[in-house]
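Visitor: Straight from TrEMBL, here's the annotation block:
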| type | residues | note |
| --- | --- | --- |
| DOMAIN | 9-282 | domain 'DUS-like FMN-binding' |
| BINDING | Pro11, Met12, Val13, Gln81, Lys149, His177, Ala232, Arg233 | FMN binding site |
| ACT_SITE | Cys110 | active site, proton donor |
Amino acid sequence: MEYENKHVLAPMVRVGTLPLRLLAAQYGADITYGEEIIDHKFLKCERRINECIGSTDFVEKGTENVVFRTCKQERDRVVFQMGTSDAMRALRAAEIVCKDVAAVDINMGCPRSFSLSGGMGAALLSKPELIHDILTTLKRNMDTPVTCKIRLLKHSHDTVELARRIEKTGVSALAVHGRRVPDRPRDPAKWDEIADVVAALSIPVIANGDVFEYDDFQRIKVATGASSVMVARGALWNASIFSPEGKVPWEDVKREYIRKSILWDNDVKSTKHTLKEIIMHYSCLELPEGKAVIKSDTLADLAQLYGEEEYYQHVNKTRFQVEVD
């Protein structure tokens, strides 16, 4: 996995599933992160080949829920992001999936209470010894590239010091979200503090924060000196942000997302959540489209809502033939 001059889809909870990752790649994303998955949960999973749709699934034993789904098409660019607070547990979880992904990333930036209370995500930022333990344990025992994603600390010099300690573990790259833990998405990203980290390290740094147009990739790269650039909300709202030819109308992108969700049998709750996020950005959930999405119970309902019934029927007919054969 190379980390120079790459455009990267950020990890996003309930959003970064296979359809959005493939959609982002279709428009030009070089690296695509999956949503954060907690090590405890992943250790309950077993790897299964889903011949019906051509995917590799990691299925939770007992519930039969698909916790992580990937495919050969994204093997060389998908990053498995993990939430963890224990080195050996992280290693056991990573060993389950490492042969099916391009890299494993440790989440050290999530500010959600669930992560913090479990000692994961941004809680790790104040535990440099544990960070060292987790990353060195993974590096020693796996050939798969290991990276991590952090947020800014209270003072820039503290962020730089932590980044230097992380670099010494041998990670392949470091992603830096240009906000502190208490910051909200509306607060401007501090590109200057990402630049401080870049200046102090020799490994690739991936800059993240306030990338909403294609031109922003170059703007943040110049401002920070970062090797690569990561985008979250900008890609959620319109995955064609990765296209150098300019954005495609969001209605068209949304329909393509529906088709990929149907093709890869995405969890309907995840699909609905992503659609609602898009609609809330451009419109309102109280309008007919939003209400219809909320009422939809299945992918078939969503296919009908967006005029993709014929595609839905074609996919399921093909799937049935595979099962029969």
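Cβ from N, Cα, C; glycine included.
A TrEMBL annotation is a machine prediction, not a hand-curated record.
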Visitor: Given Met12 (FMN binding site) and Cys110 (active site, proton donor), what distance in Å do their CA atoms have, once rounded to a whole number?
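Guide: Pair distance, Cα basis, whole Å: 10 Å.
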Visitor: Count the other Cβ atoms sitting within 10 Å of the Cβ of Pro11 (FMN binding site), across every protein chain shown.
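Guide: For Pro11 (FMN binding site), the 10 Å Cβ neighbour count is 27.
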Visitor: For the C-alpha pair, I'd like the distance in angstrom between His177 (FMN binding site) and Cys110 (active site, proton donor), rounded off.
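Guide: Each residue's Cα considered, His177 (FMN binding site) and Cys110 (active site, proton donor) end up 10 Å apart.
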Visitor: Among residues Pro11, Met12, Val13, Gln81, Lys149, His177, Ala232, Arg233 annotated as binding FMN, what is the maximum Cα-Cα distance? Answer in Å.
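Guide: The FMN-binding residues span at most 17 Å between Cα atoms.
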Visitor: Given Pro11 (FMN binding site) and Cys110 (active site, proton donor), what distance in Å do their CA atoms have, once rounded to a whole number?
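Guide: Pair distance, Cα basis, whole Å: 10 Å.
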